[in-house]
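Asker: First the structure, then my questions, so here it is.
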Amino acid sequence: GTGTDNDLYINQAIVFIEDAIQYRSINHRVDSKSLWLYRWYYSRTCQWILSLTITIILALAFFEKPSSLTITSDVRYRPPAWNPPCGLTESIELLCFLVFMVDVSVKSYLIGWEEFWKNKWLVAYILTLVVSLIDWIVSLSFFCTEDVRIRRILRPFFLLQNSSMMKKTLKSINSTLPEMASVVLLLAVHLSLFTMFAMLLFARTKDGQQDKEWVGYFRNLPDSLTSLLVLLTTANNPDVMIPAYSKNRAYSIFFILFTVLGNLFLMNLLTAIIYNQFRGYLLKSVQSSLFRRRLGIRAAFEVLSSLREAPANAQQSYVSTEALLRVLRKVEMDSRCKQAITRSLKMCSCDQLSAAQFQKLFEELDKDAIKQHPPSPEYQSHFMQKMQFVFGHPYFGYLGNVVALANIVSICVVLVMDADKQPSERDDFFLGAINCFFILYYLLEMLLKILALGLKRYLSYPSNRFDGLLTVILLVLEIATFAVYGFPHPGWRPQFMGLLSLWDMVRLVNMFIVFRFLRIIPNMKFMALVVTTLLDLVKNLRAFAGILVVVFYAFAITGIMLFKGAVVPLGNIRHVAQFLPSARRGADYLSFGSIQIYRKKLHGCSSNCITWWCLLHLLSVNLICRWAKIYFVAWWLISSVIWVNLFVALLLENFIHKWDRRCHREPLSDIEYQRTVELMFRDVLEEPTEEELMEKLHQHPHLQLCR
């Protein structure tokens, strides 16, 4: 082809390979201008701007009325919160909407209008923007005094649609719902039957003194259902049982049976079903990601093969190694993978690559990320070699762990001895002296390890970085303490000076010392396995946590709108009476224990988020009127019953995978393996066939292949 065509083929191959690296779809425009726009859109700068815009629009809820800009959430003590003037947050919101409009316009253009109408997420994106803009106009028309702002509930959608992994996770959750519904239905039957039994067992009698169970928990059907639903989460256990148990010990059998059947059997059965079903659907999503990667690599091969003029009767296409090297120089990819592919390409004796060879080169993308530690320094002196051997030996680290344990024990002894003493009677000399001794040892240990391993090798270990950082912080705090309060001596208890008192400084040092004791984790294999499992979940399952953020945010905004006016200062209870059950109105409401949930947890976005975190596992809705209970029960079903069980399922999958790897391969001391969600399932994924790849390529709406 011509030089222009060759440049187009090179640019197409670059984009297809980048799509494969990021597991993106290749069904987009492939002309020169569109490829430039596509690479610009997926550049780090544009994606950073888009992520920043999403963060800003989500954060607006913490500044909009009712504002969360107060230290305390208790209405008795907090000063009036600053509320932004009308138009300030709305102007920021409009700028965010403009960014989103550019985003959806570019996406729609790049995939083409025919593909656009097939993409439900993009259609929903536009509808969300239209509704948000209309609501924004209405808000300004009412000078920001309207109570309901629909666009605030829609904001989490912008976060959701921007993550392909979050979309796949949400699709997997949606596919799992039918299987979960059967167990939830069984749970509802269990709850209903025991509710009827409870109303029959604890019916009202003539003796009012014996009706405490009926008065408190089983007065009517809604109260009975609520009491047992809360008992299912163990939030009111054993309070709900005590009145009946005081009357007759045999009543405890009812509550024990309910808890065993519901909490131990049905809830754990739900976890097992979710684990089995969700793992299968997540595996399908990861399988489709692998197909996208293989398809992108094969598309790059096909367009690069057009650079070579093959004979008319050629049965197989080839790509020159020179063309692939040109592409690799321009592709945005991990330097480790690029170097490995380039090295393999240069070691290859052939000048041309077949489709199988081309695909095999890019299998480097599927391998574990391997981190090798730098070598230790080589000393010529025999004395230094001895020093290096002693202080680089694992036993020296074990000695440091023993010293850290001794430090923790000494702190515990001092805290127990001083637990009942008044601040004026406390002598900080002993605690200050032992802290000084141990911190000097930690500093000496760090310097000797650096001497033995070398600075680069020392810093290459995460445990050493953690240890060294805390040692430096402890040293700085200790020097600051001596500079302000002098050296420890008997009766060391000077008056408050500077930002912190002496006792505050000592407590801060001790907290860091306790935190530093976590250094023992890498030396305990099983504990290290558990911790690395949790760290992998934090690093690789951000999409899953993002869905929880979406749910938190949506429920928090909905709570602000539903319970506006429920948070009032003490003594002004008329406006909030509608939110309380009739049995709780009046003088009973004035007690702090009865109203603290309203004072502290239903005002502002941050307070609502904390409320939902507190109710993530335990459901407590006894102080809420009947219509509001539906809202809280819906949160419990989504968060605790569904989301927590999904998290347990993924935690089990990650742990089992790491356990199997630990049993089959002992990790080398100088090599660390880092795996992604896709690599978790790598051993059970199926490679797509040649026919499947070519069939999909021929269906590409914008790419015309020669064969």
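FYI, residue positions are counted from 1 along the chain as it appears here.
Each Cβ is built from the backbone N, Cα and C atoms, and glycine gets one as well.
The feature transmembrane segment is assigned by TrEMBL to 45-63, 92-110, 122-143, 180-202, 253-275, 395-417, 429-448, 469-488, 508-531, 543-563, 630-652. According to TrEMBL, the feature domain 'Ion transport' maps to 54-278, 397-655.
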Asker: What else in the chain is close to the transmembrane segment (395-417), if you only count residues 6 or more beyond its ends and a Cβ gap under 8 Å?
Answerer: 430-431, 434, 438, 441-442, 445, 448-449, 510, 513-514, 516-517, 519-520, 523
Asker: What same-chain residues lie close to the transmembrane segment (429-448): Cβ under 8 Å, and 6 or more beyond its ends?
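Answerer: Distal contacts: 387, 391, 396, 400, 403-404, 406-407, 410-411, 414, 467-468, 471, 474-475, 478, 481, 488-492, 506, 509-510, 513, 516.
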Asker: Note the mean pLDDT of the domain 'Ion transport' (397-655), expressed as a whole number.
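Answerer: A mean pLDDT of 69 is what the model gives the domain 'Ion transport' (397-655).
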